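Below you'll find the structure, written out as structure tokens, and then a few comments.
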């Protein structure tokens, strides 16, 4: 901890109470609370930890409890009902549809987010004229509140006035409109497109961080040795930034997986619940339908998969620290 | 090329050609990504100034103004909807949340980065994981909690709850920025007679300022984008924030006020993205440093 240069005298950092007792009584350093690292460490950390425990830890346990209860919006009294909520959830085909959609949306979005993010990261670190403008335009989808950016898509995919349809009509590819959000497959594709669009900048920024952390001399040495762009990319850049790529993939997956805003604004789960995901279905049941118990049971299904993703992120971070 | 010291004219020409091709590819990809990313916003911006008779005609070229542009819908947004109220609510909620976040996250990050407890590493990871617990998992029980606190249908509920989103990620970012400040500096300050807290406030915080600004921007953006809590906790118009107010209040039944909606989206999107662009390099520095253990 203490660096070789400018290390303070040992007296400022007693290892514990024992060291304190051994110290000669009158010292230059007054022993105040503001100097006791051990106590300060807890004191500094406590507010954040208490706050998080109270407003994340407790609600999480509460959510688990709700899923075994008959709490509703109108009747907040808590009665134990065992597995009844889960039984009703499993009996509902919409739940299975939502579960499948969640997995499909997440998997497909993740692939595209990583592919486009990788390309975009290389653009973001490059130096060129108009770089500021390109960076600004590219960041727009990520920094805009999701609900508002999804509204721009809602208008772009309008059933009558979609500009995409207009172009396709002019080119002669289609006669009638596409009704992007009215057909199950196209509506699903639209939801995935919006997720990819809004999360690619985030993935690119994370990968950009990885690219910048590659030591310059490694790249330069490879360049001197005559390695071309693709060879450097495949043999140096990608292996060295693999953990960062993994992290951006997992972030992309988690944010797609847990998001309900895109579905809520774009399709409201429609047509006829065909694009419903777990998060949105939990919201529709739990808040709009008022069935808190069932909503909680649905939302709980997010947890095991999130835990797996979190552990995977941790592994990737560990590997990055080693390299 | 390896081992050759003589660079021939042909080599030079081939190199120049390759360089030009690489630059061209870069520009093409940059322009394409910019178009793809900003496309919906460009379309939104054009829409915002269109007259109804121009907009709602299927045969009209949607990308040009077939009739004179109008400011009517922008006026409607400010005069006849609560857009200004939403914006004001988002602003003050965001500022208060940022303040609470700094008060909670800065000492916590300092404790984890500098006070050298054996559990610091594990605690840091635990706090980071909290960031991954999504609102979708918590909104049901939190909305009961908000009711219990008597804060339902009040913007204050967001002030209380939003730090759950911003604190963990801010601790993570601040950890990264703290690692870039050499420990020697504050140790010297303590030798010079400052207490631990004195050294932190007078020496470390000023050096941390660029990182703090980045955290402020990031935390503010997170609160401005949040949707689920705001939707679940609040229903009166006057208490709504931008992200829920615009999609719920500017759509009346089946009637969409398209031009005003698009104007709202662009008006919110542009300033946030400008600020973010200014701080992009700083965020990237924070992310890398936070991930690499010091």
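Cβ from N, Cα, C; glycine included.
Pulled from TrEMBL, these are the features on record:
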- A:1-28: region 'Disordered' (REGION)
- A:8-18: compositional bias 'Low complexity' (COMPBIAS)
- A:40-68: transmembrane segment (TRANSMEM)
- A:99-315: domain 'ABC transmembrane type-1' (DOMAIN)
- A:103-125: transmembrane segment (TRANSMEM)
- A:132-156: transmembrane segment (TRANSMEM)
- A:186-212: transmembrane segment (TRANSMEM)
- A:233-257: transmembrane segment (TRANSMEM)
- A:296-317: transmembrane segment (TRANSMEM)
Tertiary contacts of the transmembrane segment (A:103-125) (same chain, 6+ residues out, Cβ under 8 Å): 134-135, 138, 188, 191-192, 195-196, 199-208, 210-212, 245, 248-249, 252-253, 256-257, 277
Contact between the transmembrane segment (A:296-317) and the transmembrane segment (A:40-68) (at least 3 Cβ pairs under 8 Å, separation 6+): yes
Long-range Cβ neighbours of the transmembrane segment (A:186-212) (under 8 Å; 6 or more residues past either end): 101, 104-105, 108-109, 112-114, 116-118, 120-125, 138-143, 146, 149-150, 153, 157, 178-180, 237, 240-241, 243-245, 247-249, 251-252, 255-256, 259, 262-263, 266-267, 270-271, 274-275
Folded-back contacts onto the transmembrane segment (A:132-156), same chain, C-beta under 8 angstroms, at least six residues removed: 120, 123-124, 162-164, 181, 190, 193-194, 197-202, 204-205, 259, 261-262, 265-266
